[in-house]
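Let me begin by presenting the structure, written as structure tokens, before commenting on it.
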Amino acid sequence: MSIITDVYAREVLDSRGNPTLEVEVYTESGAFGRGMVPSGASTGEHEAVELRDGDKSRYLGLGTQKAVDNVNNIIAKAIIGYDVRDQQAIDRAMIALDGTPNKGKLGANAILGVSIAVARAAADYLEVPLYTYLGGFNTKVLPTPMMNIINGGSHSDAPIAFQEFMIMPVGAPTFKEGLRWGAEVFHALKKILKERGLVTAVGDEGGFAPKFEGTEDGVETILKAIEAAGYEAGENGIMIGFDCASSEFYDKERKVYDYTKFEGEGAAVRTSAEQVDYLEELVNKYPIITIEDGMDENDWDGWKVLTERLGKRVQLVGDDFFVTNTEYLARGIKENAANSILIKVNQIGTLTETFEAIEMAKEAGYTAVVSHRSGETEDSTIADIAVATNAGQIKTGSLSRTDRIAKYNQLLRIEDQLGEVAQYKGIKSFYNLKK
């Protein structure tokens, strides 16, 4: 009864109006699962391949019909007949079927859509929530959210090099309260921006994209919004985080961090050592708890220096640096580079490999942050993954745009379902820092 009988993919649109895949899986019993695949704007060069058609006459070359066909004509034939509950065997079969190290033949987007749909169909068959199916009955930790309330870099037209300015309600007693704190700061920030005559349009991830005078101006404005909303900045209230997305402004030939790419003429151009110094200055000046991709994805020496200098005080997250890949993570652990990994399911392409990366991180004392992509859908799978793995942190955008709110609302439902056993760790989510 739990045998897969049908697999079907179609092309749908993501939050940026670009095509992506939606996959449906059916079993003999009538159990059903659906998965939708996100897409990134700033992508690591080592990520699994997102297969696009390249036909400029259709969706500007971004169509996903090839990936859809790969699901319907190749993957479906290979996995029909499998027990839907055997996630690992199905994921491994798809990896073998593709046969490339980066899933470039079938496309990571094709494989991931099936992987998610299989998990959802299995949960439906067993009549349990997805987070319970994936993590077992002892899953009870709600993640502390990283809320991206100001967008810069590749996610907006704002003249700021850093891609994301985030707030984290680390002092909140519950997820529900933490979400409220974040929403109230978001609205306080909007009011402040309006009063300054700055634009309140939002970027890809729902954060504002105003023309600030620089990084410090962005942070100072967030601190004012926290105060205006009635909260305190710091460990008992709300802390700040950055996604520098440094690979987006790193000049490989000159080996410098060229802020002029986003901030224009007159902006800083920093060496690797100067980039570390600058980040340390910001940490000394502001209540910063997390920095993502502070160094370029290939600047291993820079990462090691940054970790040596700040690794006990601040969460240093590898996104483009690790691309949710256990091979790169293992090297980072060995060389003491970074102390946290960002988990993006479409960077690696299957749920099995995603869970392996989280497990490896935890065993090494690294934290794991489950994350969305800038091109999202209404699919809320990552909310369930965050709870299923007891990851403790989730990064899923701002407090606007339904593609972001869908994940927060799912977490509210899960907290409700868990009732009194639900836990929200807040500042304790950063278990590898000296707090």
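Note that Cβ sites are derived from N, Cα and C of the backbone, with glycine treated the same way.
In this structure, GLN163 ((2R)-2-phosphoglycerate binding site) belongs to neither helix nor strand by DSSP; it is coil. The (2R)-2-phosphoglycerate binding site feature in Swiss-Prot is assigned to GLN163, LYS344, ARG373, SER374, LYS395; the stated evidence is sequence analysis.
Within 10 Å of the Cβ of GLU205 (active site, proton donor) there are 31 other Cβ atoms, across all protein chains. If you look up Swiss-Prot, you'll see GLU205 marked as active site, proton donor, on the strength of sequence analysis.
Taking all protein chains in view, 28 other C-beta atoms sit within 10 angstroms of the C-beta of GLU292 (Mg(2+) binding site). In three-state terms derived from DSSP, GLU292 (Mg(2+) binding site) belongs to an extended strand segment. If you look up Swiss-Prot, you'll see ASP243, GLU292, ASP319 marked as Mg(2+) binding site, on the strength of sequence analysis.
The active site, proton acceptor annotation in Swiss-Prot covers LYS344. Secondary structure at LYS344 ((2R)-2-phosphoglycerate binding site), as computed by DSSP, is coil.
Under the heading site 'Important for binding of plasminogen', Swiss-Prot lists LYS428 (among others). When secondary structure is read from DSSP and collapsed to three states, LYS428 (site 'Important for binding of plasminogen') falls in the helix class.
LYS434 (site 'Important for binding of plasminogen') has a Cβ environment of 7 other Cβ atoms inside 10 Å. The feature site 'Important for binding of plasminogen' is assigned by Swiss-Prot to LYS434 (among others), with experimental evidence given as support.
Positions annotated as site 'Important for binding of plasminogen' by Swiss-Prot, on the basis of experimental evidence: LYS435 (among others).
When every Cα pair among GLN163, LYS344, ARG373, SER374, LYS395 is compared, the largest distance found for this (2R)-2-phosphoglycerate site is 17 Å.
Within 10 Å of the Cβ of ASP243 (Mg(2+) binding site) there are 29 other Cβ atoms, across all protein chains. Comparing Cα positions, ASP243 (Mg(2+) binding site) lies closest to GLN163 out of the recorded positions GLN163, GLU205, LYS395, LYS434.
According to its DSSP assignment, ASP319 (Mg(2+) binding site) is coil. Looking only at the recorded positions GLN163, GLU205, LYS344, ARG373, SER374, the one with its C-alpha closest to LYS428 (site 'Important for binding of plasminogen') is LYS344.
Separating the Cα atoms of SER374 ((2R)-2-phosphoglycerate binding site) and GLU292 (Mg(2+) binding site) is a whole-number distance of 15 Å. Distance noted between the C-alpha atoms of LYS344 ((2R)-2-phosphoglycerate binding site) and GLU292 (Mg(2+) binding site) is 13 Å.
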